[in-house]
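S.K.: To start, I am sharing the structure in question, which I have written as structure tokens.
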Amino acid sequence: MDHSVKAMNSHRKVVFSRLLNRHNFENGELEQLYRRYTVKLQQTSTSSVLALVASLAFSLVALHVVYVKILTAAALYYLFVGTSFAAALGLLITGHAKDAHLPAICYAVQVLCSGICLIGLPMQVTDSNTWGVYSWGQEHAAVHGVWEVLFVLFISYSLLPLKTRVAVCVGVLLPTLHTIIAVTSATQYQELTWQQDREIGKKCLESRLLL
């Protein structure tokens, strides 16, 4: 009786382990080789993201210094992002970053890249007498900040080894936030927005009349 109970318990454990690890290979050595291969691919992809965003951040800092003639709050954030990504890239290249650190690096990259989108939002939160005037004190059009959102979405979906649900959440939240801010806070070329809304209303009315 005891042997049959133990056999049933071991069989249940095997069934549950197969259910939990149904996407894994049955051969342990093959599964380990596959994980090593995917980790190498993820490291290469993450290194490419770090190099790309660091280059972009330093370029934006240089453009701010040349054209704005002052180190703005946005430029300081770009400088922080570029320095952080360059340091992380150095850790990955030299091998000081372990495989277990890769998910944390990826999520940190996603958070800092989302911060670039927040910096570029077309909102005005300061007046002309404050320190952030050249970042958030100027008038903005609805198109401002669009390329940042598209760039971050491209990185999230194509290059960063993130979970699908995380990438989907980023892909929904960032465009939604930008759309809300652009509709409520953008001050330049508002007449174009109202013209577009009017044309859309006319087309909707015409389609209803045709029906």
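Each Cβ is built from the backbone N, Cα and C atoms, and glycine gets one as well.
Sharing the features that TrEMBL gives for it:
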{"type": "DOMAIN", "residues": "19-192", "note": "domain 'Adenylate cyclase N-terminal'"}
{"type": "TRANSMEM", "residues": "49-68", "note": "transmembrane segment"}
{"type": "TRANSMEM", "residues": "74-93", "note": "transmembrane segment"}
{"type": "TRANSMEM", "residues": "100-121", "note": "transmembrane segment"}
{"type": "TRANSMEM", "residues": "141-160", "note": "transmembrane segment"}
{"type": "TRANSMEM", "residues": "167-189", "note": "transmembrane segment"}
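Buried or exposed, and what's around them? Tell me for each listed feature.
M.R.: Confidence across the domain 'Adenylate cyclase N-terminal' (19-192), taken as the mean pLDDT and rounded to a whole number, stands at 78.
If you look at the transmembrane segment (49-68), the same-chain residues 6 or more away from its ends with a CB under 8 A from one of its CBs are 74-75, 78-79, 81-82, 85-86, 88-89, 92, 109, 112-113, 116, 134, 151, 155, 159-160.
With a threshold of 8 Å between CB atoms, the same-chain residues lying at least 6 positions outside the transmembrane segment (167-189) that come near it are 110, 114, 117, 121-124, 139-142, 144-146, 149, 152-153, 156-157, 160.
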S.K.: Are there residues at least 6 beyond the ends of the transmembrane segment (74-93) whose Cβ is under 8 Å from a Cβ of it, and what are they?
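M.R.: Here the qualifying positions are 43, 46-47, 50-51, 53-55, 57-58, 60-61, 64-65, 68, 105, 108-109, 112-113, 115-116, 119-120, 134-135.
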